[in-house]
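Below is one structure, written out as structure tokens; comments come after it.
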Amino acid sequence: MTLVIARTREELAAERSSFGTIALVPTMGALHEGHRSLMRRARGLAGTVAVSIFVNPLQFGPNEDLDRYPRTLTDDLAVCADEGVGLVFAPTVETMYPEGRSTGVTVSAGEMGTIVEGASRPGHFDGVLTVVLKLFNLVRPEIAVFGEKDAQQLAMIRRMVADLNVPVWIDACPTVRENDGLALSSRNRYLSPPERVTALSLSLALRRGAAAAPDGPAKVLKAARSVLDEAADTEPPLELDYVKLVDPTTFHEVDEDYVGPAVLAVAGTVGSTHLIDNTPLYLTPEPPTETR
Ligand code: AMP
């Protein structure tokens, strides 16, 4: 299949009608195996896989890494061709946010946009939802595929689609990891070798936490925290942002006696790199204490 590349809204509009059903994979580029897994998933869901590549300024805070975020379009196009992608939409900032022609209307992520990752990154989820809705309106996919790596983002996109009656089916793929557990991320390339070792504490904390699931929420958090506390004392240190055990759909923290599905979410900074990770887990009722 030849890969069609659209850089403008006009090019995209001209190409759209030649494709049947589309499964869209929205990305910010610097594509890795995690993105590839979404493309493979999309391939099984629709006649054409479309990938958008756009580093969205609206979702970056003033002190975040917008300027240094990796931009590797040539390599990304080779990855897309390799994965049998039919259409790449790689717009410029001017195409997505034409200067002087925007009224400033955006999507509000609501209360959920202000908690967990949203508490550390004010406005981040408004920016994510706004660009995702714009991409949906431009590409007009039947399906869109996202990663569980960004679990709160995924939950909020599902909510937006439900709340605003957006006619796109949302599908999701599990997090792809390196053999040692580190979740793949475009930001991993910022990490020096010693920083990468410290960063492993995030996925280790999730594994330790998940292993404690049969003992209840408090033990899950205790097990995860003990790994993260240790990482805070190593060199280079982990600056822990949060570790939270939350309901997978609301992202509210679960109670001590909660039973059911949950997400253990962690975030922290190593050097100057902000990393997030999470794992789904299931909290079973505490086994009854034996009475004799
Ligand atoms: P990004 O380019 O980081 O904005 O990510 C684009 C999409 O890829 C999002 O839906 C992410 O959740 C997903 N993604 C990023 N990293 C991974 C990973 N390690 N495993 C699975 N999906 C991922």
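Yeah, the Cβs are placed from backbone N, Cα and C, and that goes for glycine too.
Pulled from TrEMBL:
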ACT_SITE  His35  active site, proton donor
BINDING   28-35, 147-150, Val176, 184-187  ATP binding site
BINDING   Gln59  beta-alanine binding site
BINDING   Gln59, Gln153  (R)-pantoate binding site
Neighbour count (Cβ, 10 Å) for Gln59 (beta-alanine binding site): 21
Cβ under 6 Å from ligand 1: qualifying binding-site residues of Met28, Leu31, Gln59: Met28
Alpha-carbon distance [His35 (active site, proton donor); Ser186 (ATP binding site)] in Å: 10
Nearest-integer angstrom distance between the alpha carbons (Cα) of His35 (active site, proton donor) and Met28 (ATP binding site): 10
Neighbour count (Cβ, 10 Å) for Ser186 (ATP binding site): 19
Ser186 (ATP binding site) in three-state DSSP notation: helix
Gln153 ((R)-pantoate binding site) and Leu31 (ATP binding site), Cα-Cα, nearest whole angstrom: 18
Gln153 ((R)-pantoate binding site) versus binding-site residues Met28, Gly34, Gln59, Val176 - nearest by Cα: Gln59
Densest Cβ neighbourhood among Met28, Leu31, Val176 (binding-site residues), 10 Å radius: Leu31
Nonlocal residues around Glu148 (ATP binding site), in sequence order (Cβ under 8 Å, 6 or more apart): Leu154, Ala172, Cys173, Pro174, Thr175, Asn278, Pro280
Spatially closest candidate among Met28, Gly34, Val176, the listed binding-site residues, to Gln59 (beta-alanine binding site) (Cα to Cα): Met28
Cβ contacts of Gly34 (ATP binding site) (under 8 Å, same chain, 6 or more positions away): Gly147, Lys149, Thr175, Val176, Ala183, Leu184, Ser185
